[in-house]
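S.K.: Here it is, the structure, as structure tokens.
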Amino acid sequence: CAHLRLVCQAEQKPYYTSKLWWCGITLLGLGEVGNFTAYGFAPITLVAPLGCVSVIGSAFISVFFLKKTMRTADILGGTLTITGIYLLVTFAPNVPQELTARQVQNYLVSWPFLVYSILEIIIFCILLYFYKRKAVKHILVLLMMVALLASMTVIAVKAVSSMITLSVKGKMQLTYSVFYIMSVLMATSCAFQIKFLNQAMHLYEATAVVPINFAFFTTSAIISGVIFYQEFQSAAFLNVFMFLFGCLLSSLGVFIIARNKKEEHLHIPFIDCGHIPGQKLTGKIQPDSHSSCYGTLNKEDDSVKRQN
């Protein structure tokens, strides 16, 4: 909303001079702090899927702030997502959430996690090879790498959040080296996760990226929670089934909300030159408002003239 307002102003100002922009950044930061804290009090398999709440919030808040039109699909998607959230909360695994540094150390060297880590590293390296060497930038390749990194991020976030929570309660955990190892893992995996997610958002529309990323992220978070923290170890079959059904409904709701939403682009009074001979890729052609053509190049070289 702040960016749209700044663009409409006659005098262009940097976005960081806007009070509205700072308000948005502050609210975003508070939301992420709450999300981080939640990992210290609830299972990964519950916190990660509840990220769909932000999609519902975005759909409804955009009606008031960005003057979007409320669609039937938004209402249907929101209903499915809320139903899924109810099932998630009701049938989430009930496991102790106070994780000590020694417990995290034991989880790190457990054979299920070691096997899972090796498989994840192999798959990530294969995807990275195709991304770097073969220039394969398909949306599924990018978002699978994001999901693989996200699984490590949520594991590290829960460990760090739990140890901080226990330390605040008087049970000091910050003297253990595993706390700093998990902090570095959290920061590193999160940074690279953002890098690949930004690449996906740059190449593809948000209407495609958001639902696929949510589905991949939720799946990877649930798998990592089950393998690393063994959150469904003693859960009944009905609880597991209803929980997974809730995840399915939430993902379907997110997909319906994001489906067929057209991206709004600001009007730009020029077009790209593309691969016109003799012109740089950063060059522009200024439209001629007094005729039906797009205008002409200011500096035509011999090669362009020959082609004309």
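The backbone N, Cα and C atoms fix where each Cβ goes, and this holds for glycine too.
Unlike curated entries, TrEMBL annotations are predicted automatically.
So TrEMBL lists the following for this protein:
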- 20-41: transmembrane segment (TRANSMEM)
- 47-66: transmembrane segment (TRANSMEM)
- 73-93: transmembrane segment (TRANSMEM)
- 113-131: transmembrane segment (TRANSMEM)
- 138-157: transmembrane segment (TRANSMEM)
- 177-197: transmembrane segment (TRANSMEM)
- 209-229: transmembrane segment (TRANSMEM)
- 235-258: transmembrane segment (TRANSMEM)
S.K.: Tally Cβ pairs under 8 Å between the transmembrane segment (73-93) and each listed stretch (20-41, 47-66, 138-157, 177-197, 235-258), then give the stretch with the top tally.
M.R.: 235-258
S.K.: Can the transmembrane segment (235-258) be said to touch the transmembrane segment (138-157) if we require at least 3 CB pairs below 8 Å and skip pairs under 6 apart in sequence?
M.R.: no
S.K.: Same chain, outside the transmembrane segment (209-229) by at least 6, Cβ under 8 Å from its Cβ: which residues?
M.R.: 43-45, 47-49, 51-52, 55, 95, 99, 107, 112-113, 116, 139-140, 143-144, 146-148, 150-152, 154-155, 158, 197, 200-201, 247, 250-251, 254-255, 258-259
